[in-house]
Amino acid sequence: MIVNEQLAIDHGLKKDEYKKICDLLKRVPNITELGIFSAMWNEHCSYKSSRFHLKNLPTKGKNVIQGPGENAGVIDIGDDDAIVFKIESHNHPSFIEPYQGAATGVGGIMRDVFTMGARPIANLNSIHFGSPQHKKTKNLLRGVVHGIGGYGNCMGVPTIAGQTSFDESYNGNILVNAMTLGHVKKDKIFYSKAAGLGKPVIYVGSKTGRDGIHGASMASASFDDKIEEKKPTVQVGDPFTEKLLLEACLELMAGDSIIAIQDMGAAGLTSSSIEMASKGNLGIEINLSKVPCREANMSPYEIMLSESQERMLIVLENGKEEMAKKIFDKWNLDFAVIGQTTKSKKIELYFNEEKVADIPVNTLVENSPMYDRKWKKAKLPKRIKVDKEQFKTLKVKNVLNKILSNPNVCSKEWIWQQYDHTVMGDTIQKPGGDAGVVRVHGTNKAVAASVDSSAVYCWAHPLSGGKQIVCESWRNLISVGAKPIAITNCLNFGSPENEENMGEFVECVQGLGEASAYLEFPVVSGNVSFYNQTKDIGIKPTPAIGGVGLIKDYQNMVTMDLKEADNILLVIGKTEGHLDQSLFARDILNEKNGPPPEINLFNEKNNGETILKLINKKFIKSAHDVSLGGIITALSKMCIKGKKGATLKKSNYLINQFEYLFGEDQGRYIIEISKDDLENATKILQENSVHFDELGLVNEDGLIIDDKTKVSIDDLIKSHTNWLTNYMEN
């Protein structure tokens, strides 16, 4: 095949990028080399439009063992224990083929974690779909949920938390972000940096097929009218093989034979071999004729770019090949010595005794493009002027019913009941709470994790939205009694070639960085997914934040369910009734303008740290952060979980009742405290200058909002739980 500029463009490269390749090589690349460059230089693998801005994120902290740059981030949780975690996107494949796209997204992120020596202990996900009225939404949701459950359940890893949202901006591009946590001892962490010369390079796992070729390139482009033609680029997963691969790798890792290990994810054998060589500042020579293939007559181009799943690349110590082979034979997995490390600092590929590629590693990595793209700064929208006369026509009970049954608020039990959330026996807080919690096996420690995003806030003002979503993650961890330690992010945006989209990305990252730095909540891993658009219609900016925190004694964990009648309910944080960009404004007033609520980072940190003090003194019986839908929505969920009611104090309505109940001011929590502990608890709040108000009392009767408004617990449950089940089953 003749390689020329047009063929390079067909591979997703720009004209100037193709010229740069020819200049670096001092010749025209052959077809295999062109394929390798197209994979390594695409947006998905090279981060060419985002690296310039991501370098400013805070990535260090006293608990950080490994930050961005490896397969996953690693944090120290004490006693020689570490948690490995990361979130990644599988958006484009999941829109084309929802079951396999979601399944292989889960499989890929689990491999990232166990590649580093950690046994996966928990999965989470953040999934976003178009309008419920859109013709594709229901089938896409069903396929994605089945794919996530099908893979995670077969692997025997619990899915402990997640987020699901609906918005018309996802009609043409759904988002599927998968997150995994793993546990490892600090002295058994493995890395992908190759070292030593003449070391054997080993291929293990499944055979290589033609599935997923150009998967990474497809994830670096917008959709058009030919979406169906892209189905062959979607990988096909086999969780049972991955389970075997997990156990085989962990068995091999128990010894001292592994120098470096890398899973074959995006761009397959291409990215895994090049990343190992680049980090080790050496070369790798591979004989592609030795790669186990499941299809006949595969070319070097196909072998290098295949994204067949459940495969690993390992650099071993010399003389350990037979021992390693016995392990993988025992687990019925392919094992092949396909090459060796060299001093050439090149990727050299052979096929049928012919050299088919010869590329200096630095041309693929250090010399890959990096763009400081043009971007537009977003203006902070003006506050909306609400005509409060229209409130007179509204009834609180009717509004609450509508808010609780909103697709973005309602119970997602239909989804998470399809996931095994108790397998492994260490889940101590299941989905549906502020965060999922798993015990660190054999210890009193527990790890809490949540995943959050707020596309509406980020769309209204990206800088504020970026801050808010980090703070939301922080509050969710605080609410279960966990000290927040670190985050991973999945940054989902439209085309970076559009100045407005790029501006959304830049300012969201700035906001994210500011909040992370202030809260001492560093970013240890992540992923960028651009080109989430069909033709020129892009998604709302959707950064998803996966937060991880530590509970030193799992018996101090807190849940959101109300516990006992006559206990006191306090609102922590000041309530000013911010309705702009609230669910009330959008759903009830049909008002979509205005700025998101203001973020006060001092209050966020101070409020959260003070609540942890109260939790550690066992003053707090239940807690829940206040977010979408405001105070009354948060309180309703606490009532539903505990099957208890609450009576609100009438004196709260110093501002308009609807502003008080449904405003989305940030930095707030509802906490339940016994009357006996109230004096001591409020003393701590006052000593730490934390604003609080008495919200009311827990009761057994229902939610009593005022003299005219009482909602039974059964009605709350019905409003909150029925929508999704009815939508999916009718």
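Cβ from N, Cα, C; glycine included.
These come from Swiss-Prot:
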ACT_SITE  His44  active site
BINDING   Tyr47, Lys86, Asn489, Gly526  ATP binding site
BINDING   Glu88, Asn527  Mg(2+) 1 binding site
BINDING   Ser89, His90, Asn91, His92, Arg111, Gln235, Glu307, Ser308, Gln309, Ser529  substrate binding site
ACT_SITE  His90  active site, proton acceptor
BINDING   Asp112, Asp263  Mg(2+) 2 binding site
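Fewest Cβ neighbours within 10 Å among the binding-site residues Glu88, Asp112, Asp263, Glu307: this applies to Glu88.
The two recorded residues, Asn489 (ATP binding site) and the residue listed as 'active site', have Cα atoms 15 Å apart.
Among the recorded positions His44, Asp112, Gly526, the residue whose Cα lies closest in space to that of Asn91 (substrate binding site) is His44. Under the DSSP three-state reduction, Glu88 (Mg(2+) 1 binding site) is assigned to strand.
The secondary structure of Asn527 (Mg(2+) 1 binding site), as reduced to three states from DSSP, is extended strand. Sequence-ordered, the extra residues of this chain that approach the ATP site, with Cβ no more than 8 Å from the Cβ center of Tyr47, Lys86, Asn489, Gly526, are Leu54, Pro68, Ile87, Glu88, Thr488, Cys490, Leu491, Val523, Ser525, Asn527, Val528. Ranking the recorded positions His90, Arg111 by the number of CB atoms within 10 A of their own CB puts His90 at the top. Using a 10 Å Cα-Cα cut-off around the residue listed as 'active site', the binding-site residues Lys86, Glu88, Arg111, Asn527 reduce to Asn527. If you draw a 10 Å sphere around the CB of Asn489 (ATP binding site), it holds 31 other CB atoms from the protein chains shown.
Within 10 Å of the C-beta atom of Tyr47 (ATP binding site) sit 18 other C-beta atoms, taking all shown protein chains into account. Across the structure, Gln309 (substrate binding site) and Asp263 (Mg(2+) 2 binding site) place their CA atoms 9 angstrom apart. Under the three-state DSSP scheme, Asp263 (Mg(2+) 2 binding site) falls in the strand class. Taking the C-alpha positions, the distance from Asp263 (Mg(2+) 2 binding site) to Glu307 (substrate binding site) comes to 11 Å. In this structure, Arg111 (substrate binding site) is part of a helix by DSSP. Here Lys86 (ATP binding site) comes close to Asn71, Ala72, Gly73, Ile109, Asp112, Val113, Met179, Thr180, Thr488, Ser525, Gly526, Asn527, Gly546: these same-chain residues lie at least six apart in sequence, with C-beta atoms under 8 angstroms from its C-beta.
Comparing C-alpha positions, Arg111 (substrate binding site) sits nearest to Glu88 among the recorded positions Tyr47, Glu88, His90. Annotation note: Tyr47 (ATP binding site) sits in a coil segment as assigned by DSSP.
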